[in-house]
Amino acid sequence: MSGTRASNDRSSHPGAGGHKRPRYDVGNKVTVVLGAQWGDEGKGKVVDLLAMDSDIICRCQGGNNAGHTVVVEGKEYDFHLFPSGIINPKAISFIGNGVVIHLPGLFEEADKNEKKGLKDWEKRLIISDRAHIVCDFHQAVDGLQEVQRQAQEGKNIGTTKKGIGPTYSSKASRTGLRICDLLSDFDEFSARFKNLAHQYQSMFSNLEVDVDGQLKKLKMYAEKIRPMVRDGVYFMYDALHGSPKKILVEGANAALLDIDFGTYPFVTSSNCTVGGVCTGLGIPPQNVGNVYGVVKAYTTRVGIGAFPTEQINESGTLLQTRGHEWGVTTGRKRRCGWLDLVILRYAHMINGFTALALTKLDILDVLDEIKVGVAYRLNGKRIPYFPANQEILQKIEVEYEVMPGWKSDTTGARKWDDLPTKAQNYIRFVETHIGVPVKWVGVGKSRESMIELF
């Protein structure tokens, strides 16, 4: 992982009158881990590997709608809002300005993980003062909007009802409340809180808001988080331009859930592609180093929306059962299908992956043959792009390559040579098709079952 410093070699030759021009130093670079499908690819596991020797681990977007499970020494930790690097006692965890924070959720998550052995997290967590606050009424509105969508269109987005969408809506309409507002003049904050609550009540007549109760709770949380809050821009600038440091950015959600590039409208409300790293932390693009894409060896999706390689048959059921495919945040069953290299290529176009992590390869161990989606056809013609429109995406026919299964247990593999030849061929096929090397292969739940290839 790149903790190196780079300088821009526009050399400092003397200009007119012998004046020595300053030389721009790029500073440290951040390593980024992003989901390359519809989420649940196993990003937490890759982050966990890299977090062990990172100095700073950051979250740049999303909220507690994300769900990461990390297994350490047989204990399962569940993280939603915390960077999963919080379990590294030597690292600082940073929640950036692009994240939306539900304070009761933050402390509930801390309590649950403290019971499993997480210690001194409050000494290692830093929160950007520019991050927006998810209020309890944002969560209530999330549920009401979903009911409304169901009634009007007979379909819902499948939101986690964590208030993420309504909070980003408040942010975009410039009525949102930020951590810095909560920590300054509380009377001013209270007035703005009441205005926002009344705005939502005028839209949803059945929305009940205990204004005084919520403000009382927020005042209590304000004092609890005050020691953790910093100016995030200065914090990141110092981290990039101080001594050499390994900085890791943990993406939440995934490319196909991105508000701009995902399968809109069945997406989340933030940019979960690489651009969200710069806007969600306040760092320049030249400080982005390696970008690792995490992809499952098959494809899953939670909730409704187009899913070209979905298998509503025995193959899909087998993947769901063997892969234990239900959500960390919602407990909902995930829809399952074959690996789709069209969406992976599309995610690479946007993110510029420097390497991939291919997870859950072992789930395919029992299959006689494995299909891989390699191209889309629309009205019988191959198309060279990923369609933006949902109706068109529903009509797509997938062109498959059929590969022989390896029919043997890979869960004990710890290096490349331990993998069956046909499994190696599957990995090579993905690499060749996308033009990006696979750096890790996952064959089980534990940290040890991530095989590092280079």
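Glycine too: its Cβ is placed from the backbone N, Cα and C atoms.
These figures come from a predicted structure and were not determined experimentally.
Annotation comment: Swiss-Prot describes ASP40 as active site, proton acceptor, evidence class sequence analysis. In the three-state DSSP scheme, ASP40 (active site, proton acceptor) is classed as coil. Within 10 Å of the C-beta of ASP40 (active site, proton acceptor) there are 29 other C-beta atoms, taking all protein chains into account.
Neighbour count (other Cβ atoms within 10 Å of the Cβ, all protein chains): 22 for HIS68 (active site, proton donor). Positions annotated as active site, proton donor by Swiss-Prot, on the basis of sequence analysis: HIS68.
HIS68 (active site, proton donor) falls within a strand when secondary structure is assigned with DSSP. Per Swiss-Prot, the feature IMP binding site maps to ASP40, GLU41, GLY42, LYS43, ASN65, ALA66, GLY67, HIS68, THR160, ARG174, ASN253, THR268, ARG332.
Of all the Cβ atoms in the protein chains shown, 19 others lie within 10 Å of the Cβ of GLY67 (IMP binding site). Residues or ranges marked as Mg(2+) binding site in Swiss-Prot: ASP40, GLY67.
Sequence annotations record features per position, and here Swiss-Prot assigns region 'Disordered' to 1-24.
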C-beta crowding around ASN65 (IMP binding site), within 10 angstroms: 28
Lowest local Cβ density among THR160, ASN253, which the record lists as binding-site residues, within 10 Å: THR160
Lowest local Cβ density (other Cβ within 10 Å) among binding-site residues: GLY42, ARG332: ARG332
Euclidean distance between Cα atoms of ARG332 (IMP binding site) and ASP40 (active site, proton acceptor), Å: 12
Residue pair THR160 (IMP binding site), HIS68 (active site, proton donor) - Cα distance, angstrom, rounded: 14
ASN253 (IMP binding site) to HIS68 (active site, proton donor) - Cα separation in whole Å: 10
